[in-house]
Amino acid sequence: MNSFSPTEDTIAAIATAVSPGQGSIAAIRISGSSAIETSKNIVDVPGIQDWSTHKVLYGHVTEENRKKYIDEVLILVMKGPRSFTGEDVVEIHCHGGIIPVQKILERILAFPSVRRAEPGEFSQRAVLNGRLSLTQAESISELVSARSRKAAELAINGIEGNIQTTIQSIRKRLIEQLTEIEARIDFEEDLPLLDEKHVKNEIVAIKKDLNELIDNAKRGSWVRSGLKVALTGKPNVGKSSLMNRLSKQEKAIVTDLPGTTRDILESEIILEGIPVTFIDTAGLRDTKDIIEKIGISRTKKTLIHADLIILIFDYSSGWTNEDESILKQLPINIPLLIVGNKSDLTNDQSFEKVPKYILKKENLVIISAKTGNGEDDLINYLLKKCGSSQTHGLDIALNERQLDLAKSTMKSLENINKVFDEKLPWDFWTIDLRQAINYLGELTGEDLTESLLDNIFSKFCIGK
């Protein structure tokens, strides 16, 4: 890892989420050379309590005049380097709620030696001081924001170093090949001939391993961010009823009036470890209502960014020209499921009202949002789309930043193949090989500039 200038100032921030009436405990974190001294200056600790490392003290944070208490607290002392950041760290645990937390933080920041921490700065210091690798720090951030158990599992694997170890192994193999080639360039007469076939085979094997990581990143993205499923169709076909049925809660207003849904409504469930967000959109139709037009415009934008579109039609009334018109308006690059709703209202003629080309579609499910009939078929379809087949065997998954660098690495390795094919001198082999190594070094944090680190950690939450 690159060596950066050691941090000299002391930082402080609220380390827990704080909302009015939410959470009984909150924590303020202080890190740096002044952390312990600052803490001693704002708390009253009764009796003889030891401020040595990894001790928990009991006391009260006081007002500046030391005459009034702000709150009753526990103080956790962790002297560097045996702390999260590698520096002296003090955590003050107080009662939850905005007022006591803010007043304690204000007391701390009143000291000139302490400033408010930037987003992700505690984690950044942990990386700079060698307490964490960059990928471990990113995994901690992902654990905090995990929306499913599988996402949390992937984050824990990253914290344990699985991503770092895997990428470092690939990078080491590339360095070994670069070393072999450069040694032949510099000392060709003193060494045996380069086994070019072995080098080529090793590059092929590395590309295979890297490509697997790239493929898994897509599945990992689904696990972290979830799938967006847009419900669309003409008004009053039961889109809102279906969303309420799937989410098991009354998220949308259900009436017999066409065009009732004008806003974009969302509801989330977890299927096989993947968050699935159902988006109930305004019905697509020609209308003169200005408000409804705005809703329809939003619907079209939502459909473009969906991972799956469910087109709902009234199975009891049959497939209409309006349904056909909506079908033709849908983005062709987004997977589509057609759902015939209101099967509870069908009769013998209902089947004949639906064109054969619709009935023959593999992506067709008949359901009653009112009774739940056919719901299992719909869930099974969604499970095939985003279920166990997507998460099985998924142990590590690159985030967006890591994926971009992995793709850049792959591109460099593809360029090496062209050099092989054109039978260019060994010097040309080393150019893209060295670039690939640099990309992987940036991914793991072993080859980073301080400005890049600042950019990465600026996306973290404050206090982490």
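Here the Cβ of each residue, glycine as well, is placed from N, Cα and C on the backbone.
If you check Swiss-Prot, you get these features:
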- R29, E91, R131, K464: (6S)-5-formyl-5,6,7,8-tetrahydrofolate binding site (BINDING)
- 226-387: domain 'TrmE-type G' (DOMAIN)
- 236-241, 255-261, 280-283: GTP binding site (BINDING)
- N236, T255, L257, T260: K(+) binding site (BINDING)
- S240, T261: Mg(2+) binding site (BINDING)
Closest of N236, K239, S240 to E91 ((6S)-5-formyl-5,6,7,8-tetrahydrofolate binding site), Cα positions, binding-site residues only: S240
Neighbour count (Cβ, 10 Å) for S240 (Mg(2+) binding site): 22
Which of R29, K239, all binding-site residues, has a Cβ with the fewest other Cβ atoms inside 10 Å: R29
Chain-internal residues, separated by at least six, CB under 8 A from R131 ((6S)-5-formyl-5,6,7,8-tetrahydrofolate binding site): P81, S83, F84, T85, G86
Pairwise CA distance, K239 (GTP binding site) versus R29 ((6S)-5-formyl-5,6,7,8-tetrahydrofolate binding site), rounded so that it is a whole Å: 47
Binding-site residues compared (E91, N236) - the one with the fewest other Cβ atoms within 10 Å: N236
Spatial separation of R29 ((6S)-5-formyl-5,6,7,8-tetrahydrofolate binding site) from N236 (GTP binding site) - C-alpha basis, Å: 53
R29 ((6S)-5-formyl-5,6,7,8-tetrahydrofolate binding site) and S240 (Mg(2+) binding site), distance between Cα atoms, whole Å: 45
